[in-house]
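Below: the structure, in structure tokens.
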Amino acid sequence: VIGGDECNINEHNFLVALYEYWSQSFLCGGTLINGEWVLTAAHCDRKHILIYVGVHDRSVQFDKEQRRFPKEKYFFNCRNNFTKWDKDIMLIRLNKPVSYSEHIAPLSLPSSPPIVGSVCRVMGWGTIKSPQETLPDVPHCANINLLDYEVCRTAHPQFRLPATIRILCAGVLEGGIDTCHRDSGGPLICNGEFQGIVSWGDGSCAQPDKPALYSKVFDHLDWIQNIIAGSETVNCPS
């Protein structure tokens, strides 16, 4: 996160860290949505992932942290009227449930859609400088604004974003505050509700008039809930 501050150790007990297992390199953030399931971005997927839960400072072994592996991974494969922008979402079932503690608790799914103009909280262990990468040991947090989707369409003509999409646009138009590389997969929390997943942005982060794109959790609720419930048929949204 660019332009943020170290998160309060008590404000991110649902935030998980995804690592590539063999290289032990940090990949992405993710969000614990119940004891057995994590929601993150599809572009964070690797063949061998290790998931740390209950971590603050990545450089020290925290006695209460828990390590898990994906038991199953689910991708949003609906074909009708969907583009790659709609599909940057991955649901991971953990190999065994985590135990809740003061530093481990789930973030509930949203009960209502997000409202443009909301102030949203972002957090992650992503780079705090851009374009050169400086990864912090502790997660950084910042507040950004939920913007009209058209702002992102205008800001990123090279992406050729479709007219209607299950994606959110958020940032600070003056620049200086933004999610960035390796914040991917982490949450966008608007008015206290888990509304977005860090997805894509401009190569150099936090530029003026270049807000970033977030997968819209609310529009994927049926898909998420059906999978968690063990439904054999996962209904694609219309």
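In case you wondered, yes, glycine gets a Cβ from its N, Cα and C as well.
Fair warning: this is a prediction, and the values are worked out from it, not measured in the lab.
Residues or ranges marked as domain 'Peptidase S1' in Swiss-Prot (evidence: sequence analysis): 1-229. The disulfide bond annotation in Swiss-Prot covers Cys7-Cys141, Cys28-Cys44, Cys78-Cys236, Cys120-Cys190, Cys152-Cys169, Cys180-Cys205. According to Swiss-Prot, the feature active site, charge relay system maps to His43, Asp88, Ser184.
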**Message:** Within 10 Å of His43 (active site, charge relay system) (Cα to Cα), which of the recorded positions Asp88, Cys152, Cys169, Ser184, Cys190 do you find?
**Reply:** Asp88, Ser184
**Request:** By CA-CA distance, flag whichever of Asp88, Cys141, Cys152, Cys180, Cys205 among the recorded positions is nearest to Cys120 (disulfide bond).
**Result:** Cys141
**Asked** Same-chain residues six or more away whose CB lies under 8 A from the CB of Ser184 (active site, charge relay system)?
**Response** Leu27, Cys28, Gly29, Thr40, Ala41, His43, Cys44, Gly124, Gly126, Val198, Ser199
**Cys169 (disulfide bond): secondary structure state under DSSP, collapsed to three categories** = strand
**Request:** Measuring Cα to Cα, tell me the gap between Cys180 (disulfide bond) and Cys78 (disulfide bond) in whole angstrom.
**Result:** 28
**Message:** Taking only same-chain residues 6+ apart in sequence, whose CB is under 8 Å from that of Cys141 (disulfide bond), what do you get?
**Reply:** Val1, Gly4, Asp5, Glu6, Cys7, Asn8, Glu11, His12, Arg121, Val122, Met123
